[in-house]
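Trainee: Encoded as structure tokens, here's the structure I'll be asking about.
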């Protein structure tokens, strides 16, 4: 591909509402492969920045690819600004990263963007591990995410394992998870939404999400769907971003995102699909969820 030297673009730049920084695969529905279509389904125009480029997710028997070279990754971010694509930017969505160096570069870039566009919403899904598999990124990346990305975020969507990792707290019960989330709020976050939350207090056959702000905490429950495709957190976070940008409150955004995610899981299970499916957004197919206000 040509370097572009000697070429001067004419006309108005292509403007992005959201910059989504996360993984990309050739086969599968994870990372930007689900975030981009989810955001577009809400009428948004995402700029897609890959952190890793893989043939598929690592749970398959073969895997090719890896993290993008740091110079490429940094160049992608710089060139979005250089092309004038961020003049109407409304949100930055961060998911899976490929290295600690990427986290540091991204943290500095977000800080510069926030200086120019202070209204931009920054949502970080700190993809680092889960209760079933433990930590599946390097300890260096986990530390860099904690130091460089959490301070830049307005909202965070860790799972229960990641909440414990970020805070060093016990998070198995609802009261413990709320206290841990509020420790993160003390770092400048507006809210924390914990997925697969407080599993010691979760009724059988249910899944819990916990939405925590400085003044309120709410627990959301829905039926567990008997399927476990990859990419559910990526889809939830993209949906959450879209609903917040549409003006929904945090509680309503979490509720709508959860309803669609359960619908997607039910569709995936019905089709016996190895990968997460994204059905059309049919209100008639919306799944039941239950909100439980907690004492503050």
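A Cβ is built for glycine as well, from the same backbone N, Cα and C atoms used for every other residue.
Straight out of Swiss-Prot:
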BINDING   23, 59, 234  substrate binding site
BINDING   125, 157, 162, 195, 222, 223, 224, 225, 232  ATP binding site
BINDING   136, 162  Mg(2+) binding site
Trainee: How many Å separate the Cα atoms of residue 224 (ATP binding site) and residue 234 (substrate binding site)?
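Mentor: If we compare the Cα positions of residue 224 (ATP binding site) and residue 234 (substrate binding site), the gap is 18 Å.
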Trainee: Test of understanding: give the count of other CB atoms lying within 10 angstroms of the CB of residue 125 (ATP binding site).
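Mentor: Around residue 125 (ATP binding site), other Cβ atoms within 10 Å: 27.
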Trainee: Whole-number answer please: how many Å between the C-alpha atoms of residue 162 (ATP binding site) and residue 136 (Mg(2+) binding site)?
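Mentor: A Cα-Cα distance of 11 Å.
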Trainee: Does anything in the same chain, at least 6 positions from residue 234 (substrate binding site), have a Cβ under 8 Å from its Cβ, and if so what?
Mentor: 22, 30, 31, 32, 34, 35, 95, 96, 125
Trainee: For each of the binding-site residues (59, 136, 162, 224, 232), count the other CB atoms lying within 10 A of its CB, then report the residue with the highest count.
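Mentor: Of the binding-site residues 59, 136, 162, 224, 232, the most buried by Cβ count within 10 Å is 162.
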Trainee: State the Cα to Cα distance, in Å, between residue 232 (ATP binding site) and residue 23 (substrate binding site), rounded to an integer.
Mentor: 13
Trainee: Sorry to bug you, but what's the C-alpha spacing from residue 59 (substrate binding site) to residue 136 (Mg(2+) binding site), rounded to the closest Å?
Mentor: 12
Trainee: In sequence order, which same-chain residues at least six apart have a C-beta under 8 angstroms from residue 23 (substrate binding site)?
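Mentor: Correct list: 30, 31, 32, 50, 51, 52, 54, 95, 96, 98.
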Trainee: Reduce the DSSP letter at residue 125 (ATP binding site) to three states and note it down.
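Mentor: Coil, per DSSP.
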